[in-house]
Amino acid sequence: MFKEYVSLTKPGIIMGNLISVLAGYFLAAKSESITLSLLVYTMLGVALVIASGCVVNNIFDRDIDAKMSRTRNRAIVTGSINIEFAFLFAIIMLLIGTGLLYKMANPLSAVMVLLGYVFYVFFYTMWYKRTSVYGTLVGSVSGAIPPLVGYLAVTNYLSLEAVLLFGLFCLWQMPHSYAIAMFRMKDYQQANIPVLPLVKGIQKARQHIMIYVLVFSVVALGLYAFGHTGYEYLAVVAISCYGWFKVTYRNMDESNYVQWSKSVFKTSLLAITAFSTVLGIELLPFSITF
């Protein structure tokens, strides 16, 4: 039973988001003092709020999940976990997570994580995901909140650097999510979810992916120009963005779109991991600041 409750929180999604929290935290740490305890409380608070959102997503998406082969065996769908208990589980995690951020970090980070929660649960899960091709765009807002919370936990104020960080992760979410929608298109079709590749076609989705990767690259380089990043960041981001764009530029048609989209997806993970890692490396004494 414990394992089933853990599965409701979608640990993979939590881990991916915690990497982005680290990115925001490390970026802010270049200009503000930090402590290990603040990092731990921030990570734990964000993890609990994300876990709560994922549980609520499982509850409200149970009708959709039942139609897709990838999700039809989830605990809520099979009935192995009671919906009322799952909802209580989500509420407890939400309260503890936001409470930790409010008390141990600052109220601004708690407010921001709640804003992300509202976008994910109400605007994305309950509304746009089911009704609009722009659901991915709405979801990208909630996906870009964790790094911003990591940043605000340290600084307690918004800045141009914070805005660029938020924009960068919003832009990253789009091609990443469109790639997933392409290689899982049959599942989305069975569940009648209006993702871009289904509504507009795979070539239109490819065009959008290429544009978003290009704009992502510009914003990532803008963070070097206007933020507290060094030459290590510039080198890693330039290489990562070039590699990602090169993958998206490969020929793609009906015969290879699954393979192509999986390559775009995998490269997106490498790019964002490299981005987050280099921000941490630059905190080391031998890093070169600009």
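Along the chain as shown, residues are numbered 1 onward.
Even glycines carry a Cβ here, placed using N, Cα and C.
What Swiss-Prot says about this protein:
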- 8-28: transmembrane segment (TRANSMEM)
- 36-56: transmembrane segment (TRANSMEM)
- 81-101: transmembrane segment (TRANSMEM)
- 108-128: transmembrane segment (TRANSMEM)
- 133-153: transmembrane segment (TRANSMEM)
- 163-183: transmembrane segment (TRANSMEM)
- 209-229: transmembrane segment (TRANSMEM)
- 230-247: transmembrane segment (TRANSMEM)
- 270-290: transmembrane segment (TRANSMEM)
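The stretch from 163-183, 209-229, 230-247 that makes the most Cβ contacts under 8 Å with the transmembrane segment (133-153) is 163-183. Of the candidate ranges 8-28, 81-101, 108-128, 209-229, 230-247, 81-101 has the most C-beta pairs within less than 8 angstroms of the transmembrane segment (36-56).
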